[in-house]
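*Asks:* For reference, the structure I am asking about is given below.
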Amino acid sequence: MLRLLASGCARGPGPGVGARPVSGLCHPGLRQSRQASDAPRNQPPSPELVARSVGVCSMMRLPVQTSPEGLDAAFIGVPLDTGTSNRPGARFGPRRIREESVMLRTVNPSTGALPFQSLTVADLGDVNVNLYNLQDSCRRIQEAYEKIVAAGCIPLTLGGDHTITYPILQAMAKKHGPVGLLHVDAHTDTADEALGEKLYHGAPFRRCVDEGLLDCKRVAQIGIRGYSTTLDPYRYNRSQGFRVVLAEDCWMKSLVPLMAEVRQQMGGKPIYISFDIDALDPAYAPGTGTPEIAGLTPGQALEIIRGCQGLNVVGCDLVEVSPPYDLSGNTALLAANLLFEMLCALPKVTTV
């Protein structure tokens, strides 16, 4: 189902214990159906004990395994950019995000979240996409995610262009029914077609509406901006019941009050978070395919994700990181941090 990044992994060190190598794909305890609450969980190795340059290139240097069984949440890469309409390169996004994730640590003092003490988490490698056939790639993604969610594992996806969210939501809806959506992006991604094609990164949420995958009254799109070919480019979205929050309505503001309203809108039903890195201003995130000026700030991005604490989040993605346009690595570093924040916002994560 999934193609691993590497053939080995290391279990994070426990308190006062140095890292030790483990042969095979993963620690054998990870294959149990669910770890006991008092059993040791996977921990990213501390940089005080293991140099950041040491280890396999997995998300946060977590163990890599082939099966979602026994996991509460997992990072998965979808290295696909065949649906890109402008600058390519997002197929390299998952690898670069993993590289930058060595800077992350295990606790979130700002929110009090203790994700690795609450959940069993690993890296499931990459979906083996078909770069020559977008339809076949979407089929492969949907099948892979159906197995992940069926195992009770919450996926946190490293993209890839935004086309990938469509087959992921197909898998989500198969288990949960129509889901709510928090979509953070510069673009609505609800175009009907381009160049005669209905499947590309500008249309995933139009396809989701067509197939009844979304609970449209529980869809919020934040950070939307940019020029258009019409004076009312958001008519379709609002006609479906989406809440569309323009970037200019976020300028110079805290988004904490907005997220209080979004939490009310979403209620207790399942919600999926889809975060396109181009929601952020290109001054902060230049490494993306379709940058738009005057976007959100990293602080506002944190307010949005932290505002999801307490919601019934069933999956997340971070898409459209294009390393060829990210010479400093700052875009990928920002993406890695946002994925960690998503992990911290998942249900069952203990906060203190």
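Glycine is no exception: its Cβ is also placed from the backbone N, Cα and C atoms.
Grabbed the feature section from TrEMBL, which reads as follows:
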type    : residues                                       : note
REGION  : 12-48                                          : region 'Disordered'
BINDING : His162, Asp185, His187, Asp189, Asp276, Asp278 : Mn(2+) binding site
*Asks:* What is the total of other Cβ atoms whose distance to the Cβ of His187 (Mn(2+) binding site) is within 10 Å?
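*Replies:* Taking all protein chains shown, His187 (Mn(2+) binding site) has 23 Cβ neighbours within 10 Å.
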*Asks:* Over all shown protein chains, what is the count of other CB atoms within 10 A of the CB belonging to Asp189 (Mn(2+) binding site)?
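*Replies:* Result for Asp189 (Mn(2+) binding site): 26 neighbouring Cβ atoms inside 10 Å.
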*Asks:* So if I draw a 10 Å sphere around the Cβ of Asp276 (Mn(2+) binding site), how many other Cβ atoms end up inside it?
*Replies:* 27
*Asks:* Using the Cβ center of His162, Asp185, His187, Asp189, Asp276, Asp278 as the Mn(2+) site position, which other residues in that chain lie within 8 Å, going by their Cβ?
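*Replies:* Result: His183, Ala186, Thr188, His201, Ala279, Thr290, Val319, Glu320.
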*Asks:* Compile a sequence-ordered list of residues in the same chain as Asp185 (Mn(2+) binding site), six or more apart from it, whose Cβ lies below 8 A from its Cβ; state 'none' when nothing qualifies.
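*Replies:* Long-range Cβ contacts: His162, Gln221, Ile222, Gly223, Ile224, Ser274, Phe275, Asp276, Asp278, Ala279.
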